[in-house]
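Report on one structure; see the data block that follows.
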Amino acid sequence: IAVTSISSLSVVRVKMSSSLISDFLHQAGGAAVIDGGLATELERHGADLNDPLWSAKCLISSPHSDLIRQVHLDYLENGADIITTASYQATIQGFKEKGFSDEEGENMLRRSVEIAREARDLYYERCATGDETDARILKQRTILIAASIGSYGAYLADGSEYSGIYGDAITLEVLKDFHRRRVQVLADSGADLLAFETIPNKIEAQAYAELLEEENIKIPAWFCFNSKDGINVVSGDSIEECGSIAESCNKVVAVGINCTPPRFLHGLILLLNKVTTKPVAIYPNSGETYDGDRKEWMQNTGVTDEDFVSYVSKWCESGACLVGGCCRTTPVTIRGIYKTLYNSRSATLATE
């Protein structure tokens with residue numbers, strides 16, 4: 001990816017505007033790299049996340065927050081241009097169930113963004129003092145911090161973010177009330193954008209869109225949905241209907257797919273292209289199957305890093321311009337994406 005050198009670290013924060021992603025992509029040469037799986041990478045480093053808070057459990061204690069920072073840094077040193085915070089399953093309600101006050105829960109939400117900002121600052125320091133090696137990609141470039149917001153189903157920690165079936169009692173207003181304070185806190189936390197991730201149904205997308213408008217949220221957002229059939233989101237709602245909700249919200253600057261097997265992405269990108277003119281973000285999982293009852297990943301059900309990366313060019317040709325990974329992808333996966341996009345950009349420049 002072509003990057004623009006930044007002479008002062010004080011300008012790494014991109015100005016807030018509706019064109020944030022467009023400006024960012026222009027600086028990045030047309031395509032940019034999102035980081036990979038966070039919780040599964042924390043687990044790979046030894047963190048025990050068998051907990052309703054999942055990765056947000058690591059926000060409770062300093063040793064674990066240090067590990068979050070290190071994983072963020074690993075992704076930056078492997079080419080990520082956007083890092084997502086450890087707040088996917090962090091909710092004020094979830095922290096309260098662990099005995100924390102509302103204020104303490106809000107502070108942990110803010111801490112998730114602070115840790116990502118610390119990792120970005122440390123990365124820029126290394127860029128200024130270190131040399132790029134085969135082991136590290138050290139390039140001064142604009143890096144965005146996306147504050148992750150998981151669905152109501154993620155809070156339930158019962159796998160319902162992979163079904164989108166919440167029951168008749170969970171109405172639009174219930175969802176808005178559930179997410180409202182969390183969205184307010186993260187929007188004012190110093191993140192560059194809000195990443196609404198693994199959205200399983202259209203009612204939750206509508207709740208997010210209305211919240212962004214009602215609360216006059218000042219930073220932009222992206223909406224990313226998940227699918228298990230390559231046609232609909234996991235609830236069975238049409239991906240085109242869901243994409244249309246994102247398209248209609250001025251606060252949303254990108255729309256896409258995450259935590260979905262790689263083999264489905266090409267068709268889903270084409271479906272989104274029918275209903276949105278906004279940049280398309282995709283960060284699939286490794287394709288492995290998760291057993292929600294046993295709370296473990298089934299072995300030998302995914303694709304290799306090489307196979308995953310082999311899809312990247314086709315995804316970009318289909319219209320994706322923000323590409324990364326979700327569960328079970330690693331810094332190695334992200335480096336492969338970076339190299340693919342960088343080589344593609346270099347080849348284009350060579351022919352111009």
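Cβ atoms here come from the backbone N, Cα and C positions, even for glycine.
Automatic, uncurated: that is what TrEMBL annotation is.
Bear in mind that the values here come from a model prediction, so they are computed numbers and not experimental data.
If you look up TrEMBL, you'll see 20-341 marked as domain 'Hcy-binding'. Averaged across the domain 'Hcy-binding' (20-341), pLDDT for the predicted model comes to 93.
Using a 10 Å Cβ-Cβ cutoff, Cys259 (Zn(2+) binding site) registers 25 neighbours. Sequence annotations record features per position, and here TrEMBL assigns Zn(2+) binding site to Cys259, Cys326, Cys327.
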Taking the centre of the Cβ atoms of Cys259, Cys326, Cys327 as the Zn(2+) site, the remaining residues of that chain with Cβ inside 8 Å are Gly37, Thr198, Asn226, Asn258, Thr260, Tyr283, Pro284, Asn285, Ser286, Gly325, Arg328, Thr329
